Structure formats: C-alpha cells, structure tokens
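Peer 1: Annotations per TrEMBL:
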type	residues	note
BINDING	A:Gly341, A:Pro342, A:Thr343, A:Leu344, A:Tyr436	phospholipid derivative binding site
DOMAIN	A:14-89	domain 'Nuclear receptor'
DOMAIN	A:220-459	domain 'NR LBD'
Amino acid sequence: MTFLMEYRHNVDLEELCPVCGDKVSGYHYGLLTCESCKGFFKRTVQNNKKYICAEKQECRVDKAQRKRCPFCRFQKCLHVGMRLEAVRADRMRGGRNKFGPMYKRDRALKQQRKALIHASAFRKESSPLLVSSTHQRDYTFSGGFQPDTIPQSAVLPTAQNDIISHQHPSLLPSNSPGATLYQYPSFSNWTVKSEHPNNCAISSGSAAGIYSDNLFSSPPQGSRMPRLVMEFLRCDPDEIQLQSKTTARLKQEHSGSNKHRNPSTFSIMCLMADQTLFFIVEWARTSIFFKQLKVSIWFNPHKNNHILIGRIMYKQSQHILDSHMYSLVQVELSDISSLAGPTLASLIQRGKDLVEKLSVLKVDRQEFACIKFLILFNPDVKELEDQGFIESMQEQVEGTLLEYILSTSSQHFGRFAHLLLCRSELRTLSSLAEDYLYFRHLSAEVPCNNLLIEMLCAKRS
DNA sequence: GTAGCCTTGACG
DNA sequence: CGTCAAGGCTAC
C-alpha cells in the first residue's frame, strides 16, 4: 500500500511517442503522440503532401533523425495507427470528434492494466482464489520476456512504452534496440488511479459471489490447471467442424450464382470471417457463463469481432509454430498484402506483427481461451447490462490466466503482462478492421447477407 | 518545413 | 466551467 503511494505522475504523459520516441503531449489523431509528430501529421494530411524516400523506405525514425525522411516518418505515423480521418477537412477548431470515447477507453485500459500489473506483481499475499498456495511464487520482476526478444514492430505502439516502462531500468539490457532508441521513464514515480477500482486487485470480488455458483473455487490440490481453464477448454469450438462448414460454404457460394466469376480474395475473407462469426456467437452462447448472461452480451457485435480477429491471429501463430496446414481455411496474409490498398496493407502488417508476437510467446490453447473470455467480458464497453457482473468476470478470468501462467511459465510476470498487451492490441486491431470493413461496406464492396456486416451496422446505427 | 506554444469549442 | 484534442501562429 505504501508502495503504491509512491507513484505520482500522470501515467499517460510518461509514455513515449510511438513514432519518434519523444515525449507524448496527449492524444493526437487517434493515439498518444508527441507534439512534433502531431504537427507533422497535420501538415502532411492538410496539405496533401507527397514525400519520396531517398533510401530504401526503411529509414529509422527517432527524435534525432525524424526530420531526415518525411516519407518514412509519415509511413510510421500510419503504421502505428494515426488516423487520417481525424484531420478535419473543414479545419474547424476546437470541440471533440468521434475518437473521444476511444481515447477514454484507451486511458481506462492503460490504467486498469497498470493497476492490475502492480497488484499482481507486488502483492505479497495473494487471495486463495488467485493463486493457490501450491504454486505461489516470487512476484518480483524476473526479467521475464526481454524487450529485445520481441521484434520492435511486434508490439502495440502504445503498449510498447508500457512494456518498457514496466521493466525495472536495471533489468533492461543497455544494448537492446529499445534501450538505444528511447529513454525509459523511471519506474518509481507513477500514480495508480484506476477508473475501475474493482480491478485494481485480483481477488474474489464480492459481486462474483452472487453469480459464481462456486464455479471459481481454487483448483483441487495437486492439480496444475485451474479449474476455470479446463472449463474454458471444454467449451472451445470444434475446429474440425468449423473448417468443414467453412469449406462447404465456400464451395456452395462458388457453385451458386457466382459460378462464372472468380471470387475476390476480399470476398473470400468476408465469407470465412462470417462463418467463423457464427461459430463464435455459438461459442459465446453455449459457454459456461451463458446461463448468467443477458442476450446483449453474447450477441455483442463489438466483442465478437474482437474474438474473430483474435482467432485468426491465433491460428496464424499456430501455423508459424508448427507449420501445420489448416486446409482451405488458412489464409496467407502475405499473399493478400500485395493485393491490398494501403489501409488494409497496414492492418495486415499489424496483424502479422501480432501473429509474430503470439508465436514468439508460444501462446497455448489454455491461454488463448482465457484471452477470448477476457474480450467477451470487456468492462470498458459500457453499453452492456450487468456491468458489475462483467467486471467481476473480467477479474476472475484475469486471475485465472495469471494463475495458469504461474503454474506453467517460469517467466510468469513478463508473460502475463505480454498476454494482456496482446489482448489490447487485438482490441485495437479489431476496431481498425471494423472501421475498414464498415468503410468498404459503405462503398458497397462487402458481399451481402453477411452477419458480420449486419452486426456492424446494428452497432453503428 | 519544423515544433513549441496558443486559441478554440464540444463535451462531460 | 474545466478539460483536451483539434487547428493556428510564428521563431527558428
């Protein structure tokens, strides 16, 4: 407790600009950036500037060299997620735009994550629910997953700073790429203020008791796998069935009225996504919690979409891991990149980065099952009923994930933090993908009778 | 052209 | 009425 009192400064503003590593001055055009990159992005978009790279379009962009190659700087701005739409065509000053809620959500998420990580990292005595005494461990930083083992691009830009700033400075290898790029904020002056005080500590929330039905009790003595994880696995969708249904539907579409023309890659992707979505809705509906959920939750377009993207990512990472072919359902993202426009290409690149990260982390089925439920129980989506239930579920699942990691990984703390970051990147990516899909839908480019689109439209209407 | 500081104005 | 993310201004 006294430890937490030592954290003072505004957490967000201690982050570093994902484009150049300079000090962040606030949210600009979609994410936290520095003042200069904000200005640069604005000038470029407002004046419709076209730059040319004198090198190989891979110039390093940092505080010292950001002026050297505006082409690469702008590319990086787009890659990290700065939004063209946030630059106003009418140049109107002041006010707020549609990104306001997104900034708020992002802020809440960061606070929640930090509070959670602190709570789990420094909690001397854990609740019986969180970690059973059989595998209680030292919670101090073990070095865990070093930043230099992850490709720079594999980490969510805002999260990147997060990872780094959560490492004790002495644990950072001074010769790591990250260390030479950025200066890290000192670890010992943060403030921990969460908009979700319930999530600050992972313990058995009082609300949980109302709903839980003893479901979340500690695993039986001697058992390594938390009981909840086993439950998660039990309700995992049947992969083989999903694949055969998707293949069948692809064949059916192809042999139907569209026989004469070749389906585009994009339409195949939409169809596959659509089919997967049916499964996800079914998964959410039949999951162990369904009897306690209101319909609005399991049929929530936003969450299901997050899980859909996550599923594809997870599959891809599995694919990289063991080079196992998943029949027709597998899509080679690299093949699509070459055909895609800049927005989709950037999305795909970020997706590939996340896949890379998932595969480096070797995320297993159990962990991914937890991540799926964490997304389903996202307390930051406020339109849902049963907010208290959702928050307590989120706590429970986070606790379960941590417990599982503690029992399986020697780099438990780093791993836990990284998995939460993957979840956040997944949410970000999914929102971007959603915007993109909606945009293409408005241009009448998305196939009809698409559940995904119907959900998106319902959400936005 | 860059970047730090200033002004504006919707939103809570 | 304060906040803060837009655009604007201007010295460098």
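The backbone N, Cα and C atoms fix where each Cβ goes, and this holds for glycine too.
Annotations in TrEMBL come from automatic prediction, not curation.
Give me the lay of the land around each of these features.
Peer 2: Long-range Cβ neighbours of A:Thr343 (phospholipid derivative binding site) (same chain, at least 6 residues apart, Cβ-Cβ under 8 Å): A:Tyr436, A:Phe439.
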Peer 1: For the binding-site residues A:Leu344, A:Tyr436, work out the Cβ neighbour count at 10 Å and name the residue with the minimum.
Peer 2: A:Tyr436
Peer 1: With DSSP helix as H/G/I and strand as E/B, how many residues of the domain 'Nuclear receptor' (A:14-89) fall in helix, strand and coil?
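Peer 2: Computed counts for the domain 'Nuclear receptor' (A:14-89) are 27 helix, 8 strand, 41 coil.
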